[in-house]
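Report on one structure; see the data block that follows.
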Amino acid sequence: MVEPGQDLLLAALSESGISPNDLFDVDGGDAGLATPTPPSVQQSVPLSALELGLETEAAVPVKQEPEPMSTPALLNVRQPPSTTTFVLNQINQLPTLGSTIVMTKTPPATTNRQTITLTKFIQTTANTRPSVSAPAVRNAMPAAPSKDQVQLKDLLKNNSLNELMKLKPPANIAQPVATAATDVSNGAVKKESSNKEVARIWINDMKMRSFSPTMKVPVVKEEDEPEEEDEEEMGHAETYAEYMPIKLKIGLRHPDAVVETSSLSSVTPPDVWYKTSISEETIDNGWLSALQLEAVTYAAQQHETFLPNGDRAGFLIGDGAGVGKGRTIAGIIYENYLLSRKRALWFSVSNDLKYDAERDLRDIGAKNILVHSLNKFKYGKISSKHNGSVKKGVIFATYSSLIGESQSGGKYKTRLKQLLHWCGDDFDGVIVFDECHKAKNLCPVGSSKPTKTGLAVLELQNKLPKARVVYASATGASEPRNMAYMNRLGIWGEGTPFREFSDFIQAVERRGVGAMEIVAMDMKLRGMYIARQLSFTGVTFKIEEVLLSQSYVKMYNKAVKLWVIARERFQQAADLIDAEQRMKKSMWGQFWSAHQRFFKYLCIASKVKRVVQLAREEIKNGKCVVIGLQSTGEARTLEALEEGGGELNDFVSTAKGVLQSLIEKHFPAPDRKKLYSLLGIDLTAPSNNSSPRDSPCKENKIKKRKGEEITREAKKARKVGGLTGSSSDDSGSESVSDNDESDYESSKNMSSGDDDDFNPFRDESSEDNEDDPWLIRKDHKKSKDKKKKKSIDPDSIQSALLASGLGSKRPSFSSAPVISPASNSAPANSNSNSNSSLVTSQDAVERAQQMKKDLLDKLEKLAEDLPPNTLDELIDELGGPENVAEMTGRKGRVVSNDDGSISYESRSELDVPVEILNITEKQRFMDGDKNIAIISEAASSGISLQADRRAKNQRRRVHMTLELPWSADRAIQQFGRTHRSNQVTAPEYVFLISELAGEQRFASIVAKRLEGLGALTHGDRRATESRDLSRFNFDNKYGRNALEIVMKSIVNLDSPMVSPPPDYPGEFFKDVRQGLIGVGLINVEDRSGILTLDKDYNNIGKFLNRILGMEVHQQNALFQYFADTLTAVVQNAKKSGRYDMGILDLGSGDEKVRKSDVKKFLTPGYSTSGHVELYTISVERGMSWEEATKIWAELTGPDDGFYLSLQIRNNKKTAILVKEVNPKKKLFLIYRPNTGKQLKLEIYADLKKKYKKVVSDDALVHWLDQYNSSADTCTHAYWRGNCKKASLGLVCEIGLRCRTYYVLCGSVLSVWTKVEGVLASVSGTNVKMQIVRLRTEDGQRIVGLIIPANCVSPLVNLLSTSDQSQQLAVQQKQLWQQHHPQSITNLSNL
């Protein structure tokens, strides 16, 4: 029975998502060691845990009422608290622990407030270490309850929650009685944390914790107790499995080895009942391989079913690069064409891929299907005469062209209307969304709106409900947000567990890594998803470290200093001229975008010499080279060309250009004289014709929006106009411009909420070569969105300024030509006012002008050392354009002529138009005319450069990357250019990495992924070291959490979790603080000088980009500090049992996995009724004496063999078997009798402290004893004689040799909400959904959800008594059979 008032607290906590049952789990390290008799310890936990705004400095001892059984011992407390300690704990379980809740009223010296403490009693161990002498104080006499003690229920009745929180403690709390626990030599007592530490630990805990259903009892750790970390499930041995179609036996084998993730391979797809119409010739000649035919068949089969809302079901192809998605799609279109569905739509990311689409259709024997480009049609009916009367075939379009619109009006003035008319209302043909993850975000993050492209894709599907939709994306089901417009998969919506897409996203993202695996498996199970990847067997890679020369480091550090000065000047100038908020936002957006690109260019430039060297060597060895770049730096070249009047005297420094362009265009200092002379205005002449209405304009004439010259702007717009769509400069790792047609509207809509570095097209002025999208691409519809301008006399100067976006109606800089409402009613200023304002603003502007000039002068000095454009330098060093095939988005290049002069030339050739230049260059490379190819990321999507059996050039490809993306998925996508099906030889990959921040780490993460896919490293130099480096990927919640701790510790908001790098010369925190101020991640308050963190301070991407702007030794030390903190965060999470390991692997190591029971349940589904199975699995992980002696017999090292612990506990010793695995570092592998092979390696020095070497006979008794008892006795009971958890009737599995798991498999998605309901009701809302992969002894693979033991019976009841769902499933099955009479024979085994 809940006492009155308790419901207040419970409600408050449940709102915070905290389960009262689990509020204060005590970690093993936190409990003090107590007296030899089993006492109960009182522990108070600080209120800051509840994030209720109060702070505390120590735990508070509380008097307790006498108990019949045990004697209390108090926890050691060093100092009285400064604030209320208020602990809510296990209200409904307290009586079972024999505890009493008391409130002490202490006579206060300075205050009349009450002290409230709610405590929890914890029983601790009965055994002290033998080395500790018996304590002098055996027991502290418990005080009888005094008059001052008040029961909690009375307290809760009389106070509101708010009042309880305000109560202050008295100043004079007595020191607690000392016990053996105060003996520091014990090593088990944790030091009191400071209030900041406690707050941090609790806040992080709340973020990460998974609440367990049962009360956790503390494990008291002794100093020398061997750590038995239960990490057995961490083995991720086999991630990928060989793939062959299971249910379909037609077609020839695929030319290359293909793999599938092992979780997907554990699921079998549905039976095939659909018969394809594709000709025997196509199949027998292998034009479509067996696995491509399988995808075509399943897609066609899925298209025969309808979702509950009446739409036709869609199919998702998740094949990776090189498996032949193009041919599979062509096969689906061909299949439907043969069935008289002769119209199809194919959307992709680049117009160049149209040629690939034509090739794929031709290759499978569908020569008669024509492919038309949407952008080549005029607006109007596609089937009309002026569009060539196109009645059938495939219309190929890019996503961005979907939102195209004609200014001339008419019935079909948008591309979408054209397509809808061409298809017709009853359209049941194929719509393919290729690379659909690139179609801009429909499900935006934060405050931004969905993009027009995303909405158009959705509208197209909604308007054509009978269309056969195919989604194709290599990252299809790995990123749930990318699935926003895959509404035809039937995962969310009517008749599914998730009503809306947002419900699905919440459920999946809340459940972590494994949830998407469950979704993918469920989709494969239902026949709507297929995902294979090319095996990387045969591929080799090496990591080539490029050492930075002293002169390079010097130059880099100079550049860093210049950027720090630039940041200060930009800030000062903006303050001087009182820049408007919107202008500042735009300015900083541009500043950080330029900052990121500048340092990326410097990083790449450091590797050019080495690349050239390696490339020449490989060519000599008879191989050919592909060099991958992210960006081309074209915009910089064009600017330099214009400044030199079309003449160049040297290669252009891209890095210099970035900073120069930033200062010239975006420094807040208008060049007034130039502007007015250009407009023909005499500043000194008084304006005669200005009416009172216009007088405010006088002072404003002087102001303009940004310091650009209007004519130069217009001139440049004309000049650069043709380059708008090019992917030239900003295909950087976070750029939005993935598409060949940059979708300005969409990009402006994207994440408008904040100025992060990643979107160069965000702010009012666009990037680089698109100086102003409005000037280049006049888009009349956009002007409708702008606020209505106040009518202005067209002859006035102001209107000229406004028209060119340079005027403003306010005496401050406006970043956009929008007039604020305030200016409409502004009173006319008097002349004197106007003049004085003119003088001060002129003075400020002149000072800003001077700053701008100084910055440009400093840049010129530095420019002598800055490296030239990487791409031009590479081409020049490797023999010029005649030897190098360039596949990038740029239109021209800088070349050195025979006479040594430098000139700019267009890339286009006489007989080759610019549009197909890249395809021509690719052909030259594939034909062997050129043996070196340089590709930029944007231009290369979909281009195949492998050593194809059909190509003339069959030399082995060596693919070099100068810039690794820090996401392994993106890297694998890049490598898909040279590693594809039907190749003679697999490529070699070379990662060039410098010693700049974290490049080594990126490389090792990518290397680890490649190894998982079957690639080999050159030599074994990396075998041990880099595995440690890549052990934890950092773009996850632990990475963000570690970064938060790092940043807070640097500004003293938090105490550091790890010590700074020992080899750092100087004061680490002080230097790094200055460095981070310089890159804008720490802000300094103007007046107070207080340091504050940037609002995105825990954004990993931003952090990694920004720290490149710190001096070399600083950024490396900071990255090392971050990596160390991350390791500590992960270790802590593991120790507290809250580490989200993603997917657990059982049975891939030495464990023996057996199925002991299985229960099946029918579940409803829209196409077929599915079923779920609940397996009872027993896992045996120990090592018998026979197995141990077998390993022992093979050991050769001097220190290998059996060891016994020096310490005796409960009259027992620990026996272990030790094997040396790394002689250089003296690392040893340990085997234990109860838990088998340990994942954690031990250093020899640590081993010697705890163990001594013995002969095998001495170890035998101890080994057998622990092996036999661990079958059913946990570690605590074995070493201490009792286990507190077991004594409370709870299950304890720590150290058990045999464990039991309950795993729910099958169509889990259809019962997801039921499972969540049961888990939440038993275990609280934040229970972690743990996915497990099992491989049983008989070779069966099982992947599913672990169900906690205490949730099994309610779940079984729910699933089995759900008669309604079973009946519904049977009805659906019958209905389905009526729709598909031809398939009844095939359904008997469904």
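Every residue gets a Cβ built from N, Cα and C, even glycine.
The following features are taken from Swiss-Prot:
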REGION    21-43  region 'Disordered'
MOD_RES   Lys147  N6-acetyllysine
MOD_RES   Ser160  phosphoserine
MOD_RES   Ser212  phosphoserine
MOD_RES   Lys411  N6-acetyllysine
REGION    685-846  region 'Disordered'
MOD_RES   Ser690  phosphoserine
MOD_RES   Ser691  phosphoserine
MOD_RES   Ser695  phosphoserine
COMPBIAS  695-714  compositional bias 'Basic and acidic residues'
COMPBIAS  726-736  compositional bias 'Low complexity'
MOD_RES   Ser751  phosphoserine
MOD_RES   Ser752  phosphoserine
COMPBIAS  778-790  compositional bias 'Basic residues'
MOD_RES   Ser791  phosphoserine
MOD_RES   Ser812  phosphoserine
COMPBIAS  814-837  compositional bias 'Low complexity'
COILED    840-867  coiled coil
REGION    872-891  region 'Disordered'
MOD_RES   Lys1219  N6-acetyllysine
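Taken residue by residue, the region 'Disordered' (872-891) breaks down under DSSP into 6 helix, 4 strand, 10 coil. For Lys411 (N6-acetyllysine), applying a Cβ distance below 8 Å and a minimum sequence separation of six or more within one chain yields Lys417. Following the DSSP three-state reduction, the secondary structure of Lys1219 (N6-acetyllysine) is strand. Around Lys1219 (N6-acetyllysine), taking its Cβ as the centre, 18 other Cβ atoms fall within 10 Å, counting all chains.
According to DSSP, Lys411 (N6-acetyllysine) sits in a coil region rather than a helix or strand. Confidence across the coiled coil (840-867), taken as the mean pLDDT and rounded to a whole number, stands at 85.
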